[in-house]
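Notes for the one structure printed next.
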Amino acid sequence: MTAQATLIDGKYQIVRELSREGHVTLSEVLAGEGVTRRVAWFDVTSPAARQGFHAYRATLRAASPAGLTDVVARPGAYYAVWQPVTGTPLEEVAAQPKPHEEVVEALQDLAARLAEHGSALPDADVLVEGREVRVAYLRPAPEGRTPEEVARLNAAALAPFLGKRVRRKRQPGVWLTFVPGLLFLGGAGYLGAQAAKIYLNPPVQEVVGVVGQPAQAAAGRLVAQGFRVEYVPDNAGGAAIGTVVRQEPSAGTNLPAGRLVTLTFSNPPSLTVPRLEELTVDQARAALRDASLTLGKTVLTVDGTLSKTPRGRIIAQIPEPGATTQRGQPVQILVSSGVRGKETWLTNLSGLAFEAAREHARVAGLKVTRIIQQPSDAPENTVLDQKPAPYARVPVGSPVTLTVAVARYSPPTQPTGSLPLPPPPAPVVQAPVGGQTPGENGAEESAPNGSAGTPDAAQTGTEPDAAPNTSAIPDTSQDIPQQPEGPTDPGTDPGTSASPDASGDASTPGAESTPADAAPRSVRLRYQFPADLPEGTYSIFMRDADGEREVRGATASAELAGNIAEGDVTARGETVFIIRHDGEDYATVTPTP
């Protein structure tokens, strides 16, 4: 309670402050329905102060004050509530010439009970109503008071009563008891003897073990056995609050009925609640475990848009950070379900070229991360399908998958047979020029009737210095093979055949056979992704004689970084593997045979 407070424990309205002694403040308050009470508030800020309050409460139990209505002892609230009591102050009774004997005996008994707990009669506001002694208010005893000082204070308070004559107790109807006394004298003697026997030899009971049980239940069991019970708080942790951690005497001890059993219960000091905001649930659980607290059974999830709290982070907690609580108490938390971002949508991209569709996605705040190629009769690179669907609302930055058209490929149903070999080349024939015979300088003579001349020495095998002999020219109709029927080379005389190249490079159309590498074959892909692979999705495509197709679908970079992509794929012709990052070429790989 602070000086500015107007309520005590939320139910007592402060009217005025009556006194302040040490850490105890006595205030006049209004309780329910306007009833006036006095509240003694204890500022308990240390274990020693808390121990002192519990000692004060034990003194109250021993004194049984008539003015006490309630005692509260819980973390943050330690106080006693007092009600007004009628009677004559003790000072005025002490001034009387002959006080009543019952009053003097009651004062002596009260002094003895207070002395057992370190208090004395001057600590109490004592009133006398008739022959009854009442305690209207009891102040806590100062720390360090010795038993000798207590005895001195009690002797000083009782001195005015001990030196005077007292009024003896009235015994009305004594004469009526004379006859019954004689009649029951024998029985009274017997009963007295039995009572003395019981008092001097009370029944013995075995103390039950109550360690680990709630203090209230443990006290009930001991009281049922006939014992008196006293509580003593303990600051040690490790046990639930209010649980008995020790008992004296210990379990199994034989003790006469009416003896005192002391129960020490767990009442550890208050703990400070740590700050859990912006932490994850696992981090909060670890922080609470270190602070000897627990996480509440129910974890509430709320929208984190207003507080801009990421998904899975704690927005608020109950109790709030810095609040005090007891060991093992739960802390409730509110967890963010995430920040709702802006939403967008895509129009129908079907029929658009791939580049145009990708531009549409970029303008809408989306990104094409996967491309699926599908054989189709539509123009190549035309969008056939899309994901997300047209006009579906998605968060900004979401990935887009496009299905684009590629040319269809139909392999031959039957293998192609071997093509025929071309005919052998024809010998070179020199066409006659003007029908004249070469002169004496060694030139060839013209052949009569337009017949072809003799081949040169390199082709016939004759010596170059031999004189040409026209009679030796063979009949062309017999020695020169006939040209095969077919189209002639443009620019040549229809009567002559084209001269094949001496190197033999000329070939007849249709003589080229199918290349051996055009047949399907197995190629091997082996590529190691770098450990520092940029974030995104990666796809692997293969390009060969049949076109381009996807080998491995889009995969997150976290699954590929530092790993090796390896496998056998069937391909035709020249083959290359393409690795694409979010739809863009990232690397090319040449397959191994």
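Cβ atoms here come from the backbone N, Cα and C positions, even for glycine.
All annotation found in TrEMBL is predicted automatically rather than curated by experts.
If you look up TrEMBL, you'll see 448-481 marked as compositional bias 'Polar residues'.
Residues or ranges marked as compositional bias 'Low complexity' in TrEMBL: 486-496.
As annotated by TrEMBL, domain 'PASTA' applies to 201-266 (among others). Counted with DSSP, the domain 'PASTA' (201-266) comes out as 10 helix, 27 strand, 29 coil.
The domain 'PASTA' annotation in TrEMBL covers 267-337 (among others).
For 341-406 (among others), the entry in TrEMBL reads domain 'PASTA'. Counting residues of the domain 'PASTA' (341-406) by DSSP class, helix then strand then coil, yields 10 helix, 28 strand, 28 coil.
Among the features that TrEMBL reports, region 'Disordered' is placed at 411-523.
Residues annotated as transmembrane segment in TrEMBL: 174-193.
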*the domain 'PASTA' (267-337): DSSP-derived helix, strand, coil residue counts*: 10 helix, 23 strand, 38 coil
